[in-house]
Structures are given as structure tokens and as C-alpha cells.
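Right, one structure below, let's go through it.
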Amino acid sequence: MPTPSMEDYIEQIYLLIDEKGYARVSDIAEALSVHPSSVTKMVQKLDKDEYLIYEKYRGLVLTTKGKKIGERLVYRHDLLEQFMRIIGVDEGKIYNDVEGIEHHLSWEAIDRIGDLVEYFEQDAVRVETLRGVQRANEEKSN
């Protein structure tokens, strides 16, 4: 299993390849706000662990294993953002909140959150009911 840091790199590499068709060390460094030398070290580790194939000065490609995990990590991130919107978290806080929790949840918890998102999306009245509960709770605390 990849570490949380490895997951961040795999997720970002997956997104860059999906968006641009390739991922360079400089692109990864910029996206993650880290030094290129840190990216090179992590890419070498990901290569060793068979998440990607890296050739110095030639670039990198995700292996089947890396693509599968990258896809799952992007799904997890997107699902958690969706969940945060449903429960009414301020849009400006969602990204950082998701970044703060995504590595600490089991895949079982992610699957259950997926069930909950689906439950709310099946009927808009459910979301409105939740909003009513939230408004009532806000009034109590004021």
C-alpha cells in the first residue's frame, strides 16, 4: 500500500497525464508545491515499487498498477468533495478539508460515504431536509 505522500504523487501524476497526456517532474513539482529534487526522489521510489516507469530525462508513465490506484485516488477525492458539498461545507474550505481527511479514511468508509452521497442524490428532498436540520441547529446555537 502506498503511503499518504505516495498517494498524493500518484494522484497528481494521474491527473496530469489525464489532462496533458504526460507528466514531467517540473509539472508535478509545481502542482504539489515541492522542489523538483523531491519529485525525482519520490518518482524513483514509485518506480521501484512498480507504480510507474521512470527514465531520467525521458519522462514517466504509470504502470497498470499505478493507473488503477490513481483512478481510485481521484475517485476518492472527488467523492469526498461531493460529500462536503452535500453536507453544506463552504466551497472555499472543501479542498483543504478533503486534503486533510482523505488519507485517514479506510476504503470501507469511502464506500459508505459513496452510499450516502448516492442516497442524497436520489432525492433532492433529502438534501432539503438536511438543510432544514442545519438551519434549526444554527438557530439553537445563536
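Quick reminder: no glycine exception, Cβ is built from N, Cα and C everywhere.
Source: prediction; values computed, not measured.
Now, the feature entries from Swiss-Prot:
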type	residues	note
DOMAIN	1-63	domain 'HTH dtxR-type'
BINDING	D8, E99, E102, H103	Mn(2+) 1 binding site
BINDING	E11, H77, E99, E102	Mn(2+) 2 binding site
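Note: the Mn(2+) 1 site is recorded as D8, E99, E102, H103; in the same chain, P4, E7, E11, H77, V98, G100, I101 also have Cβ atoms within 8 Å of that site's Cβ centroid. Listed in sequence order, the residues E7, D8, L73, R76, L80, V98, H103 complete the 8 Å Cβ shell around the Mn(2+) 2 site centroid, once E11, H77, E99, E102 themselves are left out. Burial estimate for the binding-site residues (H77, H103): highest at H77, by number of other CB atoms within 10 Å. In sequence order, G70, L73, V74, H77 are the residues near E11 (Mn(2+) 2 binding site), counting only same-chain partners six or more apart with C-beta under 8 A. Counting other Cβ atoms within 10 Å of each Cβ, the binding-site residues D8, E99, E102 show the lowest value at E99. According to DSSP, E11 (Mn(2+) 2 binding site) is assigned to a helical segment. The average pLDDT the prediction assigns to the domain 'HTH dtxR-type' (1-63) is 94.
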